[in-house]
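Here is the structure we will look at.
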Amino acid sequence: MASPRLETFCCPNRDPATEFITGFQPQLFSGISSCSAALSLAFTGLQLLPKHRPFRHGAPHKPASSLRILFIISVCDLLACAGMVVRSGVWLGSPGLISRISAGNSSDVWPQVFCVGGAMWIQLFFSASFWWTFCYAVDVFLVVKRSAGISTIVLYHMITWGLTLLLCVEGVAMLYYPSISSCENGLQHAIPHYVTTYAPMLLVLLVNPLLFTRTVSAVTSLLKGQQGIYTENERRLGSEIKIRFFKIMLVFVVCWLPNIINEGLLFYLEMQDDVSAGDLKNVRNAALITWFIMGILNPMQGFLNTLAFHGWTGLNVDFSRQRRRELPWDSASTSLAGGYTPVAGSTLLYQSHVQEIKKNLSANGQQQPSDAISVLSEDSESSTVEIHISSEQREFEDVKPNGASLGVSTG
C-alpha cells in the first residue's frame with residue numbers, strides 16, 4: 001500500500017510510532033494485504049482483457065486521450081499491486097528478513113535494499129495513479145471547454161511521470177540521509193517524504209471534485225444551448241455524467257481516506273512522550289484498525305476503478321487478433337461515419353471522429369441538434385470528447401443511414 005511508513009520502516013532507527021504500527025502482527029498484515037493485492041491484480045487484469053462484443057459497422061477509430069488515461073491508471077494500479085504481492089510474499093516466506101532490517105547490520109545490505117526497492121516501487125506507481133487521475137479530471141474539463149488535442153496526452157506523460165519520479169526520489173533521498181543504515185533521528189527529516197507522498201493524493205481529493213463539477217455544468221449549458229430547451233434526454237445524459245464522476249471519486253475516497261486518518265493518528269502518537277501510555281489506548285487501536293483497512297482497500301483501487309470506469313465487462317474473453325490492438329473498452333465506442341446503430345437513450349463515449357461527423361452533418365444540409373453536440377474548439381484537428389443523445393424510441397426503419405450518430409463517454 002502507499003504509506004510513507006513502509007519506507008520509514010526500512011530505517012533501523014525508525015520512530016516509535018512506525019515501530020508500533022509495523023511491528024503489530026506483521027505476518028497477518030502481510031497475508032491480508034497480499035491476498036487483497038492478488039485479488040485486485042486478477043480481477044483488474046480480467047477487466048482489461050478484450051471481450052467478445054457484437055459486430056458493429058463503421059470505420060475503426062483512434063482511442064481518445066481520456067480512454068488512454070483510464071487505461072494507464074489501471075496499468076499503474078496493476079504494477080503497484082504486483083509489487084505488493086512480491087513484497088508481502090517475501091516477508092511471509094522469510095520472517096527473518098524484518099529482524100535483519102531492524103538489526104542495522106551494515107555488512108548485510110540486501111534486506112534493506114529489498115525493503116527500500118519494494119516500497120519505492122509501490123509508492124511510485126500509486127503516486128503515478130494519483131497524478132493520472134488528476135490528469136483525467138483536467139482532460140474531461142478541457143475537452144468540454146476547448147478540446148484537448150493529441151499532443152496533450154504527451155504533455156500528461158511528461159507531467160505525471162516527471163513529477164512522480166522527482167517527488168519520489170527527492171522524498172526518499174531526504175528520508176535516508178545520510179545512508180539507509182544510519183537515518184537521521186527525529187520527525188523533521190521525514191516530513192518532506194510525507195509531503196511528497198500525500199500531495200498528489202490530496203490534490204485529487206480536493207481539486208478533482210471541482211473539475212468534475214465544472215465539467216458537468218459546462219455540459220449542461222451546452223445541452224441547453226443547443227436547442228434552447230432541456231428535455232428528458234438531456235437530463236438523463238447529465239445524470240449519467242454525474243453518476244460516473246461520483247463513482248470515480250467514491251472509489252478514491254473509500255480507498256485512500258483511511259491513509260490520511262491513519263497518518264494523522266500516528267503523527268499524534270509521535271508527538272507524545274510515551275506511545276504506549278495507557279491514556280492513548282483508543283488512539284493506538286484506531287491506528288491499528290485503519291492500518292489493516294489500508295492493507296485491504298489500497299490494492300483494491302485497481303479493480304474498483306475499472307468498475308467505476310467501465311462497469312463489469314464480463315468473462316467472455318476474446319483473444320482473436322482483431323481485438324489485440326484495441327483497448328478492452330474501445331470496442332464499445334464505435335465510429336459510425338459509415339453506418340449507424342439505432343440505440344435509444346443517451347450514452348457517453350470518447351472518440352476522435354469529429355471531422356467526419358461534421359462533414360456528414362454538413363452533407364445533410366441541416367443541423368441535427370437531437371443527435372449530436374460536438375464540444376470542440378475552433379480549428380481543432382482531433383477531439384477527445386463529443387456528446388451524443390440519440391433520438392428517443394426511434395424505429396429502425398425510420399433512421400436514415402446518413403444520420404451520423406456519435407457518443408461521448410466519461411469512461
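Backbone N, Cα and C define each Cβ position, glycine as well.
Nobody curates TrEMBL annotations by hand; they come from automatic prediction.
The compositional bias 'Polar residues' feature in TrEMBL is assigned to 362-371.
Under the heading compositional bias 'Basic and acidic residues', TrEMBL lists 389-400.
Marked as domain 'G-protein coupled receptors family 2 profile 2' by TrEMBL: 24-313. Residues belonging to the domain 'G-protein coupled receptors family 2 profile 2' (24-313) score a mean pLDDT of 86 in the model.
According to TrEMBL, the feature region 'Disordered' maps to 362-411.
Residues or ranges marked as transmembrane segment by TrEMBL: 28-49 (among others). Within its own chain, the transmembrane segment (28-49) has Cβ neighbours under 8 Å at 1, 71, 74, 77-78, 81-82, 84-85, 88-89, 91-92, 291-292, 295-303, 305-307, 310, 312-313, 315, 317-318, 328, counting only residues six or more beyond its boundaries.
Look at TrEMBL and you will find 69-90 (among others) tagged as transmembrane segment.
Beyond the transmembrane segment (120-142), the same-chain residues lying 6 or more positions past its ends with a Cβ under 8 Å from any Cβ of the stretch are 1-2, 4, 6-7, 65-66, 69-70, 72-73, 76-77, 79-80, 83-84, 87, 148, 152, 156, 159-161, 163-165, 167-168, 172, 197, 200-201, 203-204, 207-208, 211-212, 214-215, 218, 248, 252, 298, 301, 384-385, 410. What TrEMBL lists as transmembrane segment is 120-142 (among others).
Annotation comment: TrEMBL describes 154-177 (among others) as transmembrane segment. Within the chain carrying the transmembrane segment (154-177), a Cβ under 8 angstroms from the stretch's Cβ atoms is held by residues 4, 7-8, 10-11, 65, 69, 116, 120, 123-124, 127-128, 131-132, 135, 139, 183-184, 189-190, 192-197, 199-200, all 6 or more beyond its ends.
Sequence-distant contacts of the transmembrane segment (197-223) (same chain, six or more residues past either end, CB-CB distance under 8 Å): 2-4, 123, 127, 130-131, 133-134, 137-138, 140-141, 144-145, 163-164, 167, 171, 230, 234, 237-238, 241-242, 245, 248-249, 252-253, 256-257, 259-260, 263, 373, 375, 387, 389. Taken from TrEMBL, the feature transmembrane segment applies to 197-223 (among others).
Taken from TrEMBL, the feature transmembrane segment covers 244-269 (among others).
Among residues of the same chain six or more beyond the transmembrane segment (289-315), those with a C-beta under 8 A of the stretch's C-beta atoms are 1-3, 21, 24, 29, 32-33, 36-37, 39-41, 43-44, 46-48, 51, 70, 73-74, 77-78, 80-81, 84, 126, 129, 244, 247-248, 250-252, 254-256, 258-259, 261-262, 265, 328-329, 332, 411. Look at TrEMBL and you will find 289-315 (among others) tagged as transmembrane segment.
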Quick test of the contact rule: Cβ under 8 Å, at least six residues beyond the ends. What residues does that give for the transmembrane segment (69-90)?
1-2, 30-31, 33-34, 37-38, 40-41, 44-45, 47-48, 63, 97, 114, 118-119, 121-122, 125-126, 128-129, 132-133, 135-136, 139, 153, 156, 299, 301-302, 305-306, 309-310, 327, 329, 411
